[in-house]
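Feature annotations, courtesy of TrEMBL:
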- C64, D66, H123, C126: Zn(2+) binding site (BINDING)
Amino acid sequence: MSDKDKQPLAAPASPEPGVETADAALKHIVDGFLRFHHEVFPEQEELFKKLATAQRPRAMFIACADSRIVPELITQSSPGDLFVTRNVGNVVPPYGQMNGGVSTAIEYAVLALGVHHIIICGHSDCGAMRAVLNPDSLEKMPTVKAWLRHAEVAKTMVQDNCNCSNESESMHILTEENVIAQLQHLRTHPSVASRMANGQLFIHGWVYNIETSQIKAYDADQGCFLPLDGSHPIPVATPKARF
Ligand SMILES: [Zn+2]
C-alpha cells in the first residue's frame, strides 16, 4: 500500500460550514448498514430467507437517479417487491439504439421475471429536466448531454405546443411530456410490445411531487395526468390489448 493509499478519505480538513466531510459521509452510510445488519435484518429474517434464492417482483420501476426519489419508500414496498432501474432523467432509450443497462433490465424483467407492470416515474425539481431546458449547463458534461438526447422530443413538444409563462410551468409540462416520451420508447422494445398486445403487461407513467408526496399518473384514454388518490380507478397508459 502506498502512502497515498493510506490517506484518509476526507479531502479538506475544514470543509465549508454545514457541509459533511467525506469521512463523515462514509461513516454515516456504514453506521446505517451496521444498524440494518444487527437490528433490522434479524427482525425480518424469514423474508430474507425466502428471498435468498428467488425473486418475484410485483413490478418494474424506472425512476430518476435523484437521491430524493426512493421507489420502495414512496410505494411502501419491501425487498423483493420492485425490480428497480434508475438513471438520470428516468430515460428509456428506444429499442435498438443502445444495448445498455435500461434495455437489458427491461428485457430481463419482462422475459425472465414475468412482471405484469412497468412504471416510469418522473419527479418534480428534476435536474435532468432543468438541463434539457438549459443545455448550456451541460457544456462540460458530454455524456449527460448525449444521454438526455432521449428526452429531446419532450422539449420540442413543450416548445411547439405550450405557451408556458415561466420556467416552473415549463418544467412541470416538460417532466410530464418526458414520462410520456419514455413510455413511447418503452413500447418499441419487442418484449414489451408483444406482452402488452396480448394483455399480459401494463405500462404506467407517473410524476412524483417531492414537496407534497402526491403522484399524478398518465391516463392514456383521457390524454392527461390524473391524481393517484385512491378515489378514482387507477389511470393506465396501456393501449387496448389486440390478442
Ligand atoms: Zn431527476
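Cβ coordinates are placed from backbone N, Cα and C, and glycine is handled just like the others.
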Open item on the list: Return the residues near C126 (Zn(2+) binding site) by Cβ distance under 8 Å, restricted to its own chain and a separation of at least 6 in sequence.
Closed with: C64, D66, G89, M171, T175
Open item on the list: Residues other than C64, D66, H123, C126 within 8 Å, Cβ to Cβ centroid, of the Zn(2+) site?
Closed with: A63, A65, R68, I69, G89, N90, G122, S124, D125, G127, A128, M129, Y208
Task: DSSP three-state assignment for C64 (Zn(2+) binding site) - done: strand
Open item on the list: What are the sequence-distant neighbours of H123 (Zn(2+) binding site), meaning same chain, six or more residues apart, C-beta distance under 8 angstroms?
Closed with: A63, C64, D66, R68, I69, N90, T175, V207, Y208, N209, I210
